Amino acid sequence: MEHLDLGPFSRASGTVRLPGSKSISNRVLLLAALAEGETTITNLLDSDDTRVMLDALEKLGVKFKRDGDTCVVTGTRGALPAARADLFLGNAGTAVRPLTAALAVNGGDYRIHGVPRMHERPIGDLVDGLRQIGAKIDYEENEGFPPLRIRPAQISVDAPIRVRGDVSSQFLTALLMTLPLVKTESGETIVEVSGELISKPYIEITIRLMERFGIKVERFGWERFTIPSGVRYQSPGKIMVEGDASSASYFLAAGALGGGPLRVEGVGRASIQGDVGFATALMKMGANVTMGDDWIEVRGVGNDHGKLDPIDMDFNLIPDAAMTIAVAALFADGTTTLRNIGSWRVKETDRIAAMATELSKVGAKVQAGEDFLVVTPPEQLTPNAAIDTYDDHRMAMCFSLVSLGGVPVRINDPKCVGKTFPDYFERFLALTQP
């Protein structure tokens, strides 16, 4: 198996410009494809997940030109041209869920599939919501999971659409982005969410981006959403993808563990991404954090003992960035508890199980529950631990931080970071010193 040996390091400092946000990139690509007019997208992320979205849009007849991190998309005025397509979408939830919804109302014959792990990630709640408006979607293998077959259907909305919110916020995102394309007599469609909506900031991203393309969603708490119906997205002309706040978390943590100053550029106070909340969690752990509109800087730890403070915190709002806290907990002066992270279990891997296994390899005592993780750091990190990454980009990036504990660490299958941040390790190594 291919591997990468890192460290030992004791310092981290410098400045890093973040790649574009994965969540924003794939949303903007689909919105631009559905819009009327031409959209120039800048700072578009170049990664496995954005490539599968672009490949899918190309197969669906969408015209675009890409040059570096700029992509010019010619919109289809709400009707994707291809009446038939077989779409391989890898393990990209940000492509599978929204495209399933968009194609369900497009009137064609489509197949959606991906890597084996994608066929283990649930999509049944989204399919149930789409079937409420007449969509014809069949499961090819296991009920509730891809691969999917989508067929032409008579779509009509005559009652509020109900969708569960406690498994993945991407189900709601997919419905919100698609429903403006469906005409109703009342001129609007209502979506009602059952259960506690997880990852609320990702829904806020969706709503903000839809507004940039001319569609305003009304939100009543997090339980009810009203979407205008039978209207077209309008291109904003130009739109810039802000830096990836989830990716920022690794560098911000490095600035705390390695003394800093370490600055990330591309996200800050003005960000529409919830994962900038990672900076607040890091401050609660005692890190020295300052923030501008589009930058965040960390300068080590501000307490007397020089270690991070342990925390007990609900991470429902920032589940991806919470993974970085789990590894930062190795450097805390006591036991850290991460709560309300049940969504980890249906991500690229079962992240609760994976995190517990790999933290144990470096000496931590870990208690893993259905939706929580309790991490007690060791007196001394175990050197030369070989970290398995489970084809999960975030596992690989998180555990690079172990090298800042003055011990070498081996990352197995390091190229899995290509899903969102292909040159992550080059950037990390440019900021770290023995």
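From the backbone N, Cα and C atoms, a Cβ is placed for every residue, glycine too.
Under the heading active site, proton acceptor, Swiss-Prot lists Asp320. For Lys22, Gly93, Arg121, Gln170, Arg351, Arg394, Lys419, the entry in Swiss-Prot reads phosphoenolpyruvate binding site. The 3-phosphoshikimate binding site annotation in Swiss-Prot covers Lys22, Ser23, Arg27, Ser168, Ser169, Gln170, Ser199, Asp320, Lys347.
A map of Swiss-Prot features onto the structure.
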residue	record	Cβ contacts under 8 Å, 6 or more apart
Lys22	phosphoenolpyruvate binding site	Leu45, Ser47, Asp49, Thr50, Thr94, Asp244, Ser246, Lys419, Thr420
Arg27	3-phosphoshikimate binding site	Thr94, Pro98, Thr173, Met177, Ile205, Thr206, Leu209
Gly93	phosphoenolpyruvate binding site	Met118, Arg121, Ser168, Gln170, Lys347
Ser169	3-phosphoshikimate binding site	Leu197, Ile198, Ser199, Lys200, Tyr202, Ile203
Asp320	active site, proton acceptor	Ser246, Ser249, Asp275, Arg394
Arg351	phosphoenolpyruvate binding site	Met323, Ile341, Trp344, Arg345, Asp392, Arg394, Met395
Packing count at Lys419 (phosphoenolpyruvate binding site) (other Cβ atoms within 10 Å of its Cβ): 23
Arg121 (phosphoenolpyruvate binding site) CB neighbourhood, other CB atoms within 10 A: 21
Conformational class of Arg121 (phosphoenolpyruvate binding site) under the three-state DSSP mapping: coil
Of Lys347, Arg394 (the binding-site residues), the residue whose Cβ has the fewest other Cβ atoms within 10 Å: Lys347
Site extent for phosphoenolpyruvate (largest Cα pair distance over Lys22, Gly93, Arg121, Gln170, Arg351, Arg394, Lys419, Å): 19
